[in-house]
Amino acid sequence: MDHFMPQIFWHDRQGLLSVDLHHMMRNGKYRLVTASVQKEVRVWEFEFELGLDPKSQETKPQLTVGFLANLAFHNQAINQVKFSPSKEYDLLASGDCEGRITIWKLSDQPAPPPQDEMPTNKENWIRYKVLNHNSDVNALCWSPSGTQIASVSNDHTLAVHDALTGKRLFVASNFRSPNGVCWDPLGKYIVTMSPDRRMDLMDAVKGTRLKHFSSATLPARSFLSATGMIHLEEKSHKLFHDDQLFSFQRALVFSPNGEFIAAPCAHLELGSSDLYGTYFFKREDLGTKDLPFAFYPAPKPTFLVRFSPITFTLLPTTKENHLGLPYRLLWIALNKDAIYFYDSQHNYPVAVVDNIHLNSLTDAAFSSDGRVLVISSLEGYCSFIRINLSQWGEIMTEVVPVCTSPNLIEEKKQKKRKSTAAVVAEKEKEKEKEEDPSKKSPVRKQTENPKGSTPKAVTPSLKKFFKKEPKAAGSPAPAASPALAATPSATTEASPATSTKKRIQLVTLDT
């Protein structure tokens, strides 16, 4: 691994709070976005070029960074920025301490001239949508499709918006100032973390709370720490660090295929000793177990986890396989001073990068090809770690199998789908009956009469009592049919005089 720290005042010597890398390279260059305690979002590009090292006089990769755009709209410090993973829509989200989330969209139109001393923007990012919370926006994450965005805020809510329309899809409350959120790559869940030592599992479609994790009965185990061997008793333990942890976010994350949730801020209070690290929760155990599947200790509290997008084959040199996967994952855990590299075969860090900044680390992001890791700090500088993938092992070319999900949502969806179809079918039948009177039930017709009243007989058509014959010229009018007097239904309701008069008039009309 190679470390680079360009002497660039990314935000005019102000502390950096967030950094993210675009999922696509352009012209062989990476694209980077940064945010700070200032009010601007800035977009950059960088690449590694072979050049002569002035110290060693050897040809080595040199980092070159270029400015692309300065986005000004926020009125407060910007806590987090995230590029959308969508390949169709080039979007960028930024959330600030005023409760505002701005969705930026890359435009093909030329950028307007700058209004201050900043250089001219090379990219024209226009303000597309503005979303709002009632307090600080602490963390953001995009859906796998890159068209919806989830945000958590100091107003104790989780909100999900459609980034293309600005419509709020749902809001979930009763959190305690959540400062961590991540979206399941399979699209089923959203997971949040809060300073009240709690992790919540949410339904990504409805926003209902499915489960929470705060304490669990852990099995007895011994850990080797910096202060010596620590013994864990089999009893109920609080899982996460309290609100005394110094961190801007609790950045938990799903593994690339969604099989695990990696949760930082692990803190086990063992008498006079404290054990810190990162938990791994297995997806298929979310519905049945409250305890983590694996634990990775660290010397200091971790507050951020990021997975490399590259999957490796298992190392043939070791028989250990801590997570029991048929492949090998690589990830980092960040504390305020150091970066710890882990893989899924070992239960300890396989590499450590520390003492690279004078102030606390704040955020980190992998490039889409897994070759670059960028870290931001309150010092106001960014560090670039160039990763040689061949040193970590052989890249896996086979497709990683999709993991199964617990039955936390499927049963509820099935019941709702069945009842909804029945209601719709019943409404359609009622509508058909109203439009076509012939389909109405005769029983329903009888209930319209008051109880105890005598239903009225339906008067038959009078034309059937007459027999039309061809009329000869000059012939007199025909007499009434003899069958008319013998018909009992003719005298059922009306008087004979009235009915006879009507029949005579009708006969006269017909002739």
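Yeah, the Cβs are placed from backbone N, Cα and C, and that goes for glycine too.
Database features, via TrEMBL:
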DOMAIN    1-388  domain 'CAF1B/HIR1 beta-propeller'
REPEAT    71-107  repeat 'WD'
REPEAT    130-171  repeat 'WD'
REGION    414-511  region 'Disordered'
COMPBIAS  425-439  compositional bias 'Basic and acidic residues'
COMPBIAS  472-499  compositional bias 'Low complexity'
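Listed as Cβ neighbours of the repeat 'WD' (71-107) (distance under 8 Å, sequence separation of 6 or more from its ends, same chain) are residues 17-24, 31, 33-43, 123-142, 144-147, 149, 151, 153, 155, 161, 163-164, 166, 248-249, 363. Here the domain 'CAF1B/HIR1 beta-propeller' (1-388) returns a mean pLDDT of 92 for the predicted model. Mapped onto DSSP classes, the repeat 'WD' (130-171) shows 0 helix, 24 strand, 18 coil.
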